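Structure first, commentary second.
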Amino acid sequence: MSAGNGNATNGDGGFSFPKGPVMPKITTGAAKRGSGVCHDDSGPTVNATTIDELHSLQKKRSAPTTPINQNAAAAFAAVSEEERQKIQLQSISASLASLTRESGPKVVRGDPAEKKTDGSTTPAYAHGQHHSIFSPATGAVSDSSLKFTHVLYNLSPAELYEQAIKYEKGSFITSNGALATLSGAKTGRAPRDKRVVRDATTEDELWWGKGSPNIEMDEHTFMVNRERAVDYLNSLEKVFVNDQYLNWDPENRIKVRIVSARAYHSLFMHNMCIRPTQEELESFGTPDFTIYNAGQFPCNRYTHYMTSSTSVDLNLARREMVILGTQYAGEMKKGLFSVMHYLMPKRRILSLHSGCNMGKDGDVALFFGLSGTGKTTLSTDHNRYLIGDDEHCWTETGVSNIEGGCYAKCVDLSREKEPDIWNAIKFGTVLENVVFDEHTREVDYSDKSVTENTRAAYPIEFIPNAKIPCVGPHPTNVILLACDAFGVLPPVSKLNLAQTMYHFISGYTALVAGTEDGIKEPTATFSACFGAAFIMLHPTKYAAMLAEKMKSQGATGWLVNTGWSGGSYGVGNRIKLAYTRKIIDAIHSGSLLKANYKKTEIFGFEIPTEIEGIPSEILDPVNSWSDKKAHKDTLVKLGGLFKKNFEVFANHKIGVDGKLTEEILAAGPIF
């Protein structure tokens, strides 16, 4: 025997324990209760007997609400919560209906991955009917019609985060709390793949032909793509549905429904559209416009009018949009903007691609400008309220933001340059195609490995000085921004109505393009109404509405050059941002209206001779150029580019006698 460790071994290698004192039994108090069960009294216990029951206690069900409108409240009082949900699901099922079978899928609310806590196995569902004149009912049954489609309806950002992290590869929570996502192969819009149905109505109403962004398709091809998108969405186990609004003006808002397959798309639209209250959702009803986003599934290249596997299709008569072959979320935002460019003018409301802010005294300014002109920077002013950064309507009562969020560029973003955007990137924000550290999840905004078009989509409430609701009175100033790399446009010019229309239609800025030998020269670019890719009607129609509203409200037009002075790019210098801000401040305060003005040659601009805090020599470009002949030659060159661009609009008559067209043409460069 060996007892070196206090134990003993027997001869066959087994263990035996020494005789003697043993450890006392643990006393639990069980005997006092008359039971042999051991009880742990060390802490409180939960009111659950299973782990599923415990999980069900973690989430409190949202209490049913009553519509704010008293009449609606009376109507809903007799309708149970279950009946309201059934009506809601029937509407969604109808949206997802195949137009050949004329019946929608069996839809049920909730995530299919979550177990039901009531023990039921077959969820209550709704079936929706869709009556169409396109094709007769066939009564055909498909595999997708035999299964349930789970609808994740108007989920909160937290719920959408969970869905994205669980099921979408490439979705991560960054160190600042934002959701980083990838948009797949497409990291920007595909304007060449955008199509608009040309029918008896749009034939005469829309702008077609040279210079137009509207590329036609026929009704049949749209229906083929619609069926393809709907079949794809119905084949999925779950889809995301957002019911939201466009336009903060309550008299002219539009109800939109977005059906998508990705949490990324649902959160993006949650941020970009106006978010309804629970009361508004209960009485939402049938949407005015529906988007079917099947972007993960390609279109059929052999279908007529298709040029690639991507197709973004608008049918204004059906008020539907179909997305195939691109997961870039910006297609939804700009697709709806195009719809507003069609619907709002029918109500005599001007839709505008502009920024908008308001002073503490209620003075409103509109900012128009292409990429790189400073529209976002100048419209975001800590001394003024932000109404919106991109899309607006000008109604009979004032201005309103179309959207409920902002879609800001992130490339080279810094806290110092753009503090408002930097601070808005937090929990709830979608960060699109950014690069981040694999361990710390800190975003590197200077890294363009995925794309230069990195973006952040966040609710407008994330901006501290946002005006909620996003509406304001009639604008006092209409500011057209141009980054003139030719260096011949004045830092600021006061425009008459005809000049405002001419430069609004032109939509000018200049880009700096590099060449192989390192020489860089400016390239003029023009985009009608500062947003040609999104307008539906002829540009002159929007310009005429703008002039009419400016005239009736006494608004002043301004052209502000944020580009070069003292020479073209490579010779002159960029106009200091501090000078431009002083100009904008003088416009806001009204002091610039009181300045002394003189007229320039070629373009005939009215320019101030003096502005406090700005060197007088830069106010007239010719004074800042050392080579006067080079200035004149460059000025004539730019004037020629304006004339050439405007040729496509010259023959379009506005009004009965075309007199307005003549006034606009006369407001252009003369030499």
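Here the Cβ of each residue, glycine as well, is placed from N, Cα and C on the backbone.
Per Swiss-Prot, Ca(2+) binding site is recorded for His270, Asn271, Gly404. Within the same chain, residues at least 6 positions away in sequence whose Cβ sits under 8 Å from that of Asn271 (Ca(2+) binding site) are Gly404, Gly405, Gly428, Thr429, Val430, Ala457, Tyr458, Pro459. DSSP assigns Asn271 (Ca(2+) binding site) to a helix in the three-state reduction.
Shown in sequence order, Leu481, Ala482, Cys483, Thr509, Thr562 are the residues of the chain, 6+ apart in sequence, with a C-beta less than 8 angstroms from the C-beta of Thr373 (ATP binding site). The ATP binding site annotation in Swiss-Prot covers Lys334, His353, 369-377, Glu418, Arg455, 574-575, Thr580 and is backed by similarity to another entry.
Swiss-Prot lists 108-118 with the feature compositional bias 'Basic and acidic residues'.
Sequence annotations record features per position, and here Swiss-Prot assigns N-acetylserine to Ser2.
Marked as phosphoserine by Swiss-Prot: Ser62.
Residues annotated as phosphothreonine in Swiss-Prot: Thr66.
For 1-44 (among others), the entry in Swiss-Prot reads region 'Disordered'.
Residues or ranges marked as region 'Disordered' in Swiss-Prot: 100-127 (among others).
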Residues within 8 Å of the His270, Asn271, Gly404 Cβ centre (excluding the Ca(2+) site residues themselves): Gln244, Leu267, Phe268, Met269, Met272, Cys273, Ile274, Arg275, Gly405, Ala457, Pro459
Rounded to the nearest Å - Cα separation of Gly369 (ATP binding site) and His270 (Ca(2+) binding site): 26
For Ile575 (ATP binding site): intrachain residues, at least 6 apart, with Cβ closer than 8 Å: Pro491, Asn561, Thr562, Gly563, Trp564, Ser565, Ile618
Candidate with sparsest Cβ neighbourhood (10 Å radius) among Ser371, Thr377, the listed binding-site residues: Ser371
